[in-house]
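Undergrad: Have a look at this one.
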Amino acid sequence: MGEEKRKGGDEEEAAVAAARAAEQARELQDAAAALLTRTRAEEEALRLRAAALQGELRRLRKVAADSHADSDKVEEDLDRATCLIADGDVASLLPSKTHGTFLKMFLGPVNLRATRKEVQLKVKEEYNSYRDRTALLFLGFPVILLFLRQWLWNGCFPALPVQLYQAWLLFLYTTLALRENILRVNGSDIRPWWILHHYCAMLMALISLTWEIKGQSQPDCARKQRGVELFLCWAIMQGFVMMLQNRYQRQRLYTRIALGKAKRMDVVWGETAGVEGQLLLLCPLLFLLQGFEGYVGFLLLRTAHTGVIPEWQVVVCGILLIAMAIGNFANTVDTLMTKSRFKAKMKKSKGKRDLDTCPSPTGSSPTDSIAKA
């Protein structure tokens, strides 16, 4: 009897505790719902203020341009306000760029905009690190293939290693395009050409996977694999330039952030080189690479026309290489002209702006923000 009574008491206590927990859960739910409702209302009010201020800044810039005002103070104040909005916590309140068909095709209609600035910066840093890692593979993979061709494969590539490399290129350019589209949604100022360039490279890698590789059993395979050899030589040059570009552009980007001419979410594609001496080194390499890229595309078209490699894939890959070479050349020239115009403008002005033109939202200088990032 005593044991049954004790069990009944335990059950009653459990029922009371469960009821209390359920009541606490309801109270917590009501408090959380009220907080979220209040937060959404305050966030919407801030969104309206941010959008209105952004429109006002655009109007003031237009008025200043139409009136040909040459006031350093006006330009500095407008730059300071624009930078705080674009690079501070206010940026998360502004309407994000459209996701585009590419992201929707791979990821569906999901929201990829990070609301916290540190998450956005983490995505950007991971993208830069990914480019550094893949540049090594971009350089090393074709070097190994050419070395094995000469010393192990008797001058002819087996089909499988080349197709593995082409599959890796497809994976590389697809992941780069995905990451860059996500960065654009989160506020990075990536030139549209670089994303389009990676779309073209994805298409070329996909088509090259269907390219029939004449193996060692085929007669005159070395001659028929001339296109593959040229492509691998171009890839080596591309990998070497990518490694230089990544290093120099990252240094340049940090400088531009410190001067208030770039946002912390921008990536290294936007600049041609780091400092003046680096520019003198990198520009000839870039133009040489673009010329060789176009030359390889022309040779592929020529081999297809003469019947050495008659597949349609060779024609499409040749056209894509020439198109990418022309686009890269035009983009590089445009970047250099923009850089030249900016330098001329700086010479006319009294001097460079103070490094505090774009302070971080916490009030520290941009160089402090870089150190923290």
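Every residue gets a Cβ built from N, Cα and C, even glycine.
Since this is a predicted model, take the numbers as computed values, not measurements.
Among the features that TrEMBL reports, region 'Disordered' is placed at 1-21, 347-373. Per TrEMBL, the feature transmembrane segment maps to 134-152, 164-182, 194-213, 228-246, 267-292, 312-337. The compositional bias 'Polar residues' annotation in TrEMBL covers 359-373.
Give me the lay of the land around each of these features.
TA: Residues of the same chain lying 6 or more positions beyond the ends of the transmembrane segment (194-213) and with a Cβ under 8 Å from any Cβ of it are 102, 157-159, 162-163, 166-167, 169-170, 173-174, 176-177, 180-181, 184, 225, 228, 231, 269, 311, 313-314, 316-317, 320-321, 323-324, 327-328, 331.
Same-chain residues lying 6+ beyond the ends of the transmembrane segment (312-337) with a Cβ under 8 Å from its Cβ atoms: 191, 193-194, 196-197, 200-201, 203-204, 207-208, 210-211, 227, 231, 234, 271-272, 283, 286-287, 289-291, 293-294, 296-301, 303-304.
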Undergrad: Against which stretches of its own chain does the transmembrane segment (134-152) lie, if we need a Cβ under 8 Å and a gap of at least six residues from its ends?
TA: 161-162, 165, 168, 172, 176, 229, 232-233, 235-236, 238-240, 242-243, 246
Undergrad: When you scan the chain for residues with a C-beta under 8 Å from the transmembrane segment (228-246), skipping those not six or more beyond its ends, what do you find?
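TA: Tertiary neighbours of the transmembrane segment (228-246) are 128, 131-132, 135-143, 145-146, 149, 157, 162, 208, 213, 268, 273, 281-282, 285-286, 288-289, 292-293, 296, 299-300, 317, 321.
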